[in-house]
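Structure, as structure tokens:
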């Protein structure tokens, strides 16, 4: 139960930080335009109607399609979140859900996701992203690492028989 509370806090915190960071970036951009923060990082303004890296943004009705897809993914993740028995996985899913909700809120309010962080080195420019994208990416990576670690130690011989395996919960 405690992990569920921490997971819900993660959802709310990530969502709130994402929305605040976007509001700040929108305000900053409207006053100052694109701004180099570090030699490799700039504040920019990109309205992304597609998915990762702007893919499929030119599709007719892309916002409607991706809004429904986002809702479906968030609902699926929330079901997994509620059913999860692993504290660490619950927190990872909370971070992912919070980020996904942040981007969904943009789609519903603006018709596109607001991206404002641009990483670059010389002529190389990584596609713009936002705080929610970072949280979704980090949450998924942490969740996958936990799954790999869990499955690596999940099968334990309890009887001395190499064919007799049982699942060990951590």
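Backbone N, Cα and C define each Cβ position, glycine as well.
Copied from Swiss-Prot, the annotated features are:
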- 115: active site (ACT_SITE)
- 133: active site (ACT_SITE)
- 5-25: transmembrane segment (TRANSMEM)
- 62-82: transmembrane segment (TRANSMEM)
- 89-111: transmembrane segment (TRANSMEM)
- 126-146: transmembrane segment (TRANSMEM)
Cβ-Cβ under 8 Å with the transmembrane segment (62-82): same-chain residues at least 6 beyond its ends: 4, 7, 49-51, 56, 90, 93-94, 96-97, 100-101, 103-104, 107-108, 111-112
Distant-in-sequence neighbours of the transmembrane segment (89-111), which means Cβ under 8 A and at least six residues beyond its ends: 3-4, 6-15, 18-19, 22, 47, 49, 63, 66-67, 70-71, 73-74, 77-78, 80-81, 130-136, 138-140, 142-143, 146-147
Other C-beta atoms that fall within 10 angstroms of the C-beta of residue 133 (active site): 21
DSSP-derived structure type at residue 133 (active site), helix or strand or else coil: helix
